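Taken from Swiss-Prot as is:
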type	residues	note
ACT_SITE	Asp128	active site, proton acceptor
BINDING	Ile10, Gly11, Glu12, Gly13, Thr14, Tyr15, Gly16, Val17, Val18, Lys33	ATP binding site
DOMAIN	4-287	domain 'Protein kinase'
MOD_RES	Thr14	phosphothreonine
MOD_RES	Tyr15	phosphotyrosine
MOD_RES	Thr161	phosphothreonine
Amino acid sequence: MEDYVKIEKIGEGTYGVVYKGRHKSTGQVVAMKKIRLESEEEGVPSTAVREVSLLQELKHPNVVRLLDVLMQESRLYLIFEFLSMDLKKYLDSIPSGQYMDPMLVKSYLYQILEGIYFCHRRRVLHRDLKPQNLLIDNKGVIKLADFGLARAFGVPVRVYTHEVVTLWYRAPEVLLGSPRYSTPVDVWSTGTIFAELATKKPLFHGDSEIDQLFRIFRTLGTPNNDVWPDVESLPDYKNTFPKWKEGSLSSMVKNLDKNGLDLLAKMLIYNPPKRISAREAMTHPYFDDLDKSTLPAACINGV
C-alpha cells in the first residue's frame, strides 16, 4: 500500500469504500477498492485472494483493468484503472425530454457485449451487471467493472452500508433460486441495460424479489414448463404465481427500431440455453450500420 496515496473517497461499491488514489512514483491515477468482507475477524480467505488475482489476467479495452491486489492488516485492496463517470450518472445527467443518441446506444451495447464475450470465453461471469458498474470515458469508450468479483466474494444481499443490492438487472433463473446458472445471466442483465440506454428508465424496477419477478412476468408473461423446461421445479417457483399473458415489450421501449427490439427480445428469452449469447448478439443486424473499426477492441479483433 505504501506505493499508493489516497486522494479522496469517490463512492461506496458493493464490497466497500472506493477511493481515488495515485501511484506515488508513476503518478498514475487509480481507483482503490477496499474490500470489506462479512467475516472481518478471520481476515481475507485465501480462496478470494486466489480468485481475484486471476482477474489481473483479464486484459481487454472494454474491461476495467485490475492493476494490483494488495493486503494491508487483513484488509484487501484492489487497485483498478480510474474512470471518472459511470453509466448511471451519465443517464441521470441527460436533460428531461432528451435521450441518448441512438448510435451511442448501439456503440455502448456493442462494447458491453465485447467485454462480456471476452470474459465468458475465459469462463468468468459477472453476475451483478448494472449501470453503476459500467464506466465511461469522454471518448465514447465503456468498460465493465467488477467482473469476477462475485465468484471471489459472493454477491451480498446488502451492501456493507445496508443499502439493498439492486435486483433490477437480475436474471429470472437467479431470482427463482436456480442452483446452477451460467453466462446467460449476464446477457439478461445486458438486455435490461440496453432498454435503459434507450429510455433512461429501468425496464423492471422491483423493490423485492417477488415484485421483481412479477414485473418481469407482467411484461413477458408468467413462464411455465412449455416456454422454459423445468422452470416449475426451480426452488422459488410457485404454482400460485398469477398467470400473466405476454405483454408488449415495444410499448415499454419506444425508442428502439425493429432490429433493436428483436435483439432485446432475444436477450430476454426466459429459457437460458435459448437466450442469445454475447457472441451471437454481436452479429445481430442491429449492429450492421455501426462502424466497428472505430471501437477500442477493433485492433485486437482485426476489424
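Indices start at 1 and increase along the chain as displayed.
Every residue, even glycine, has its Cβ placed from backbone N, Cα and C.
Ile10 (ATP binding site) and Asp128 (active site, proton acceptor) are 20 Å apart (CA-CA, integer value). Neighbours of the ATP site: apart from Ile10, Gly11, Glu12, Gly13, Thr14, Tyr15, Gly16, Val17, Val18, Lys33, residues of the same chain with C-beta atoms within 8 angstroms of the site's C-beta centroid are Lys34. Thr14 (ATP binding site) carries neither a helix nor a strand DSSP state and counts as coil. In the shown protein chains, 20 other C-beta atoms lie within 10 A of the C-beta of Gly16 (ATP binding site). Within the model, the domain 'Protein kinase' (4-287) carries an average pLDDT of 92.
Across the binding-site residues listed here (Ile10, Val18), the residue whose Cβ sits among the most other Cβ atoms within 10 Å is Val18. For the ATP site, whose binding residues are given in the record as Ile10, Gly11, Glu12, Gly13, Thr14, Tyr15, Gly16, Val17, Val18, Lys33, the maximum C-alpha distance rounds to 14 Å.
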